[in-house]
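Going by Swiss-Prot, these are the annotated features:
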BINDING   N65, G66, G67, E78, N109, D110, S135, T136, S137, S140, Q188  substrate binding site
BINDING   H74, E78, Q188, H196  Zn(2+) binding site
DOMAIN    50-212  domain 'SIS'
Amino acid sequence: MRRKSGCSAGLDDRSAYEEVVLDSMLYSARLKETVARGNSAVVVAMARLIAGVFETGGKLLICGNGGSAADAQHLATEFTIRYRSSVHRPALPAIALTTDSSALTAGANDLGYDEVFRRLVEAYGRPGDLLLGLSTSGNSRSVVHALDYARKHGMRTLALLGGDGGALKGLADLSVVVPHNGSADRVQECHITLGHVIIDLVERMMGYGTECNNQQNEQGYADQTD
């Protein structure tokens, strides 16, 4: 395969590529630190809201597009199956609205893509449930419509966003905005880390994840890894 002209480094220019690794990883780390220092109280409040919904029999719905759809599925799975193998707890009811290709394509074809998540919230959401929207721009219309519907029908709303927060910032009861206006990847890296921290906090708030709890639940569980 012919290498494209205009590449700044050849295949053997190891030092240039190592700089890319350092620049990318260090920028991502600095961005996460900025988000953590500016939003720790909000993240705790998000986790407390999710834990409260679970404890009262409600469920968490999650939606997003593209990489954010993958993050929605990732986080929903860790709520329902488990987050860390050292913490033993019941399944927690989280549903990613991004997994049913038949529902998504039917909604896009029959109602328009902007309505796909709203329709699924209408189907699965109930007053007292919680909707988490993920959007690196803050302006994904399908997510905007879903949060708007949820707010009007007795659900609480959360959002993990990027840029300046966009339209979704005003629709979420609680939101964290990653202050990055470039490519979506840096924002998504923060979002998945935030999601992991939130799951950890929810488990702690619900009484799971403590040393005492782990000792009581050790028998009968195999330690598995991905």
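Positions of Cβ are set from backbone N, Cα and C atoms, glycine also.
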Near-site residues: Zn(2+), ref H74, E78, Q188, H196, CB cutoff 8 A to centroid: D71, L75, H191, I192, T193, G195
Other CB atoms, at most 10 A from the CB of S137 (substrate binding site): 19
Local Cβ density at H74 (Zn(2+) binding site) - other Cβ atoms counted within 10 Å: 15
DSSP-derived structure type at Q188 (substrate binding site), helix or strand or else coil: helix
Rounded inter-Cα distance in Å - H74 (Zn(2+) binding site), N109 (substrate binding site): 26
H196 (Zn(2+) binding site) and N65 (substrate binding site), Cα-Cα, nearest whole angstrom: 19
Fewest other C-beta atoms within 10 angstroms, as judged across N65, N109, S135, which are the binding-site residues: N109
Under 8 Å by Cβ from E78 (Zn(2+) binding site), same chain, sequence gap 6 or more: G195, H196, I199
Per-residue pLDDT averaged over the domain 'SIS' (50-212), given as an integer: 97
Binding-site residues (G67, Q188, H196), the one with most neighbouring Cβ atoms at 10 Å: Q188
